[in-house]
């Protein structure tokens, strides 16, 4: 078994299972005592963890490829993201009405409690875009890889989760040390680029820890988290359009609107929206199943695999 697989298994034990989740905890099914029942319960638990992790990696990898295809046909990343949010919201509500799933109902107080998570999400996306704009891809990957150690610290101090093992700290410190060496040897160093890099590192670290806090305390099941997260992001979308200037760009190119309804455009955009719903579900399932640090590491490994 690879090192990261062992660490993912260890980190899955750091996160307490949520009692509010709509799905049945597999450990409850095997209440009878006995070594075989305990072994089967443990096997089912780890199988479910690896299952949602595999679903998240598969969804994220395919979404990266499909998004590149969709952006080539529909060159408005903000609008494409909004369509993904809308599809996720509509899909959860429709499936809920058809009794296929049981999402939590909409509640104004819950939406208000979810607002900071949506704001942090947008801040992390904004700093991500600015870092890619002012720095090269290598700098982005280095700082993205340094996020887990700060998430581990935040998770231990603020979420009161068990401290990761010595091997985990050693591996995360090695990554951080490599990042520091890269900074001192980067011949393209600029104050602007590294200012955005630090802002990105801080926002991503806070985002991962805070979202884990929300998942553990807000009392929503997985589909409820998908619904609230995408709905809040969709409500903030007009502000993003104004800041990024994409709305004006779409108005200028409004003459090409008929081309947007062609099959060549609809197919990649529709697939992008479907996989947006998929990654949202598996992402929140992973956040429930493993620690914030484990989820961060999983995202880095997946990103490296996708790039290769």
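Positions of Cβ are set from backbone N, Cα and C atoms, glycine also.
When the ranges 8-27, 108-127 are checked against TrEMBL, the one recorded as transmembrane segment is 108-127. Here the transmembrane segment (108-127) has Cβ contacts under 8 Å with residues 196, 199-200, 203-204, 206-207, 210-211, 214, 218-220, 228-229, 231-233, 235-236, 240 of the same chain, all six or more residues outside its ends.
Per-residue pLDDT, averaged along the domain 'Sugar phosphate transporter' (61-297), amounts to 83 for this model.
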